[in-house]
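According to TrEMBL:
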type     : residues : note
DOMAIN   : 1-103    : domain 'Major facilitator superfamily (MFS) profile'
TRANSMEM : 6-23     : transmembrane segment
TRANSMEM : 35-57    : transmembrane segment
TRANSMEM : 63-80    : transmembrane segment
Amino acid sequence: MIQETIVSVAVATTIIGVAFGGWMNDKLGRKRSILVPDVAFFLGALVMAVAPVPLVIIMVRVLVGLGVGMASMTAPLYIYEASPTKIRGALVSINGSCFEFLS
């Protein structure tokens, strides 16, 4: 039961992270918006590595789930804006296919 909760809480909060990521892209810009999920991943990994009880892992997975959602919204936009016109579509497609392959 606890394993299912740990996994599902990150998946559920990813949806919220996507919505928040869109808003954040508009307010902060793409470059700064990439840093927020990076910090969430880093801090989340540190806390989960030393978590004394499963409840701490569950709470931190909320942060990590938000980071996943924000990153999945921001990274393709940044790649699109930063890449040369000729290979723009290919780079965004490769990014998308990597996410599909890894999940």
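Just so it is clear, glycine is given a Cβ too, placed from its N, Cα and C backbone atoms.
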Residues in the domain 'Major facilitator superfamily (MFS) profile' (1-103) per DSSP class, helix first, strand next, coil last, are 94 helix, 0 strand, 9 coil
Over the domain 'Major facilitator superfamily (MFS) profile' (1-103) the mean pLDDT stands at 88
